[in-house]
Structures are given as structure tokens and as C-alpha cells.
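Engineer: I have a structure here, written as C-alpha cells, and I will follow up with some questions on it.
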């Protein structure tokens, strides 16, 4: 199949880009520079500055500078190139990447579904494929462990949420440190400029970045790739110039021997400084998380043949400059820029910081959307900013919250070194989570040998633990910020997930007996009036308790009754042809159906989605294809009559019945549970988006019924 250029421009999921030409791969690789690598490419602004911000001193023999550059080179090569590009990018979930993609794979292969309304029919989805049925001894052992220890499944969820929350913390720290580092370069040309003015300029840029989010990145995305390309080319050329002019001998630091010499001569201070070195690979998670907008091959090509060499040359040149200018360590990046090109590079650096910020902000919107789909975050308003590009969304509440946090960190810290310490802890935490999840994926999904899995975990885990330990040492000096942010977000996510799970359990325990409904007869004990009644419920089987209130208290109900369950499945996308699952509830003459409407964790229901028409079409299709044991002519006549009844009922009007529920902890519950459910969960439930708004229910057709859930 030949892909048209328009499909490439839309950045469709990898599952739609299986067959790509060389030109298309290069086009996607070029576009990825502006979306994926903005964060990674701005790291040279602050890496050396943060690394040498502590007690690490420079000696005349330049052993420290050579050692730091050697660490940067090998960290970049081993973690970014070998781990992420060559290994992690292969662990995609139907073309999607990121922490949730790895977790989704594990849930499907090891039956670890956290979604309470999972059905066997979900496993027949085209995107649910679990590969070859072969099971190795080690994969069976891991599956058995999770099955026998349900608490381990909950621990895995918490572990994934921790990585997710640290990634959200990245979205607070990336715009802050990138913009402030870029703007601070102006002090070289205007030495008398007070620090307050630099902070004010940075804050104005941050406010501007967040203010334009509602227009969507697609309106300005066409200039992102040229900016990132110009930035990478400029810093790499400057790097080559500085290497040749100041110290060509820096090339010898590519040898890993210099890392050993560095740690031997600097001791504890050298180990602590590694918290700055790890900032050179900030943004590698974004490379994996944004996999769904590009093909894996295009990302690998862009990184291996352009981003990687450009950044290595930039770090090499800055190290060569530093080896001859020890006194400029805290302003090394801008000091190393040749005078004639200072202002052009400064302007490009500022724009590059904006591009890097945009990448993580957009990634955060996607993360929050996925969390909402998996019942791990309160419902928020999700707006599609593009009718063509899938996944381009905007979440107002999250956007303004991130802006306030960025401004608070910028004004409160004012110091990029402290921001760097905070940033390093967030980055290493996410990388460790990815390494652990990849170990499980290699065991359960890829079914690799034990020796291969252990080698991966030991090699990359030990490197990341080394950097993580150095960042932990910096907790008093800014490292506490991502911890506080992640714990706050994780508390919100876990309490919301706990509350919704308990409400579902209450629904299951209190659903109306089908025998009771059938005993009431075809009229269900009420007058059946023309129209379609849609009763929304979380249940995929049985009759919800909210319907019991109608049976008991209302004198009339609609002729066609449909129990609608809108649920998420742990796959990224579900095609429209597999969206609806229709079944009957009770005998045919009762006129009752169940419609399960399925979405993937990357699917976002669109605002103008014509739900009523699609549901009616699905009902008619179900009636027409339903098999029955009776004469063919009689059967065809009855089907036609029932289809006409459904169409007439739609013309008479559609009513939406939703349960407006309140969760309360039982009297016997612990104080902690009462605080979590009665205060925190109740506050979030009251202030989040209502179910009717999320489902785009017309207010003129809405009927809500109050319910109290004792959990």
C-alpha cells in the first residue's frame, strides 16, 4: 500500500504506517526533530553548569573536564542510543510508546487488567493481539506470581503511577529550566541587568507558551522542525569550531578510561556531580512516549544520524572551551559562542527552549488523557485542537495548573542549578521505571531467556542507579520538588482509582436481579411510551441499581430501553467497526438491549460525535443479523418490524438517564479511608467534569438520579 503525503503529515499511528517509502521515513524523521527532540537538544544549555555547581573543582590537568565529557558521551551512547533507540523503541503497543504502553502490554499478556469491567470479548479486538501462544518457564512463573499475589498487581500499578507522576513533574521543570537558561544568556551582553529582570522575561515567555496552547500545536508546528534543525546544526558547528580552536586533545576523552580517572581523583564530589551529567539525556523518555505520532524507524534514523552526532559535537566543543577557560564554568555555553554569531544563536536558543517546552506540555496532555481513560485521574475537559491530526488535544485545567507550577518554581528558585538537581531526580526516576517495566516485557511478552533479561536489568539498572543515587544526594538542594509534585499527583491518581473501583464493586453487588425484571412482564410494570431510553451504567452485565429506582418510582418508561456502558480497554485504539457491542437483555418482547461502547486509552471521544445515530445503526444491524430458530419468512418479517420500531422510537425522542452518585465510607472504615473517600474523593468528584459533560449528553434530554454508594 502506498502512503500519501497527507497521511505522513497527519502523524498517524504506527499501525497505519507499516509500509513506508524511504522518502516518507525521512519526512517523518525531519518532522520528529521539532516534536520529540526539543527537550533533548536544549540540554547543553545547562549540563556543564549544573555538573560543576557543587564543590567539584577544576585542576590544571583538566582531568575533571575530560572525565565529565567522557561520562556524557558514554551515558548518551549507552542509555539514549543503545537502551532507548535499539531496545525500548521496539516495545511498542500497536505503534504507541510510553509508560502506559508498556503497562498495557503487561496487562494483556499477564492478565493484569486494572479495569473492573473487562470482558473476554475484548480480547478478540484486532489491536488486542497477544502474539504467539508459546509460554516459557520464566514467563509462566512471573504470571503465576501476579495471579497468586493480587497485592503485587496493585504495587505494579502504584509503580507505574510513580513513573507517570515523575513524567508530569518533568513537564513542570523542562519549560522552567530551558527558558530560564536560554534567557540568562542575555546577562553576558548586559552585565548590569538585574536577576529580577531575567526572571520576569522568563515568566513572560512561560505565560505566552501556556496561553497559546488552546490554539493547538498544529498551527505553529510547521516551524518547530526548522527551529530544532537550525539549533542542532548551529551548536554542532560551534562545537567543531571550539574543539579545533581550543583543545583538539578533547577527542581522547571518548575513552572510558577517563571516567575511571575522574571518579578516582574526585571521589565523593565526582559521584555527586553525576546528577548534572544525567541531564544530558533528559528527553529520551519523550522519544519513546511520542512513538505513536511517528514510525519507530523514522525516530531511529533522526536520532542516530543527526541528533546524536550533533549533540556529541556540541558537548565536545564546550568541554574543549572549558579546558582553557576554567573561570567561565557557570556561563560556559554562551561564553563558548564566537562573538559574531552570539545574538543569532541566542535567539535560536530561546526559540529552541520554547519548542522543548511545547513537546513536554503536549506529552502531559496525552498522559492525563490516558490516566482518565484508565480511571486513574478525575475527569477533565479534553478539547481536540485539530480535526486532522489524531492525538492533538488541549486540557484547560491541566494547562493552567502547569503554568502556575512553572511560574512558582521559576520565581521561587531563580537558580538553574537547583532546578537541574530537581530535574535530574525526575529524569532518573522515570528511566528506572522504564527499565523495570522493560524487564517484565522482555520476560512475559518477548519471552527472552533469563540470562538476557538479567543482563539487561543489571547493566542498565546499575548505570541508572548510579545516577539516581547522585540525584538523591541533592534532595535538600532542589531534589525535593519532583518528589513533592509526584507524591501529590500520585495521591490524587490512587485515591481516584480506589474510589471508582469501590463504586464499581458497589454497583456489582447491588445490581437488580434479572428474574425480578422478567417477572414484571414485557411492560416491566410500567406504561411503555414511544422513544428510546438510554440508561448509562458502568456494568457490562446485569441491570444497574439506578434502574431499580425507575421501576419502583416512575409510572412510565420508553418503549426501547438500552443499557449503555462506555468503557476503556487496555489497547491504544479501537476502530469504529469494533466500537459497539450490542446484546439483548431479557426476552425479545421486552425491548431491552445492552450497548457496550469501547474506547482505547489513546482514543478521545470527539465533541461532535453523532452517538445517537451510530447507536441506532448498531441496534438495527444487531437485529438484522441476529440468528433465531424459526421459519425464515416469519423471522425476516419480525426483524423488519422490530427495526421499524427502533427507527420510530428514535424519531419520538431519546432520553439519557444517568446516576448522580455520591461515595461515602462505611461507619466501620478507618480514619484514613474516611479522609480519602469522604473528603479527598468527594472533593474531586464534586469539582471534576460531570459524566453528562464528558459523554456530550444534551441537557434537554438528561435525567439524573441521585445515588449514595457506601464503600
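Cβ atoms here come from the backbone N, Cα and C positions, even for glycine.
Since the structure is predicted, the reported quantities are computational estimates derived from the model, not experimental observations.
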Engineer: Give the range, chosen from 32-62, 94-124, 342-372, that TrEMBL lists as transmembrane segment.
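Structural biologist: In TrEMBL, the transmembrane segment feature sits at 342-372.
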Engineer: Can you say which of 301-322, 389-410 is given as transmembrane segment in TrEMBL?
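Structural biologist: That would be 301-322, the stretch labelled transmembrane segment in TrEMBL.
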Engineer: Which stretch does TrEMBL mark as transmembrane segment, out of 425-446, 513-534?
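Structural biologist: Feature transmembrane segment in TrEMBL: residues 425-446.
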Engineer: Among the residue ranges 132-153, 220-241, I'd like the one that TrEMBL describes as transmembrane segment.
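Structural biologist: Range annotated as transmembrane segment by TrEMBL: 220-241.
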Engineer: In TrEMBL, which of the ranges 10-29, 250-269, 270-289 has the transmembrane segment annotation?
Structural biologist: 270-289
Engineer: Do at least three CB pairs under 8 A connect the transmembrane segment (155-177) and the transmembrane segment (342-372), leaving out pairs fewer than 6 apart in sequence?
Structural biologist: yes
Engineer: State, in range form, which of 155-177, 220-241, 479-496 has the highest count of Cβ pairs under 8 Å to the transmembrane segment (301-322).
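Structural biologist: Top-ranked stretch among 155-177, 220-241, 479-496: 220-241.
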Engineer: Mean pLDDT for the domain 'K+ potassium transporter C-terminal' (530-709), rounded to an integer?
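Structural biologist: The answer is 83, the mean pLDDT of the model over that range.
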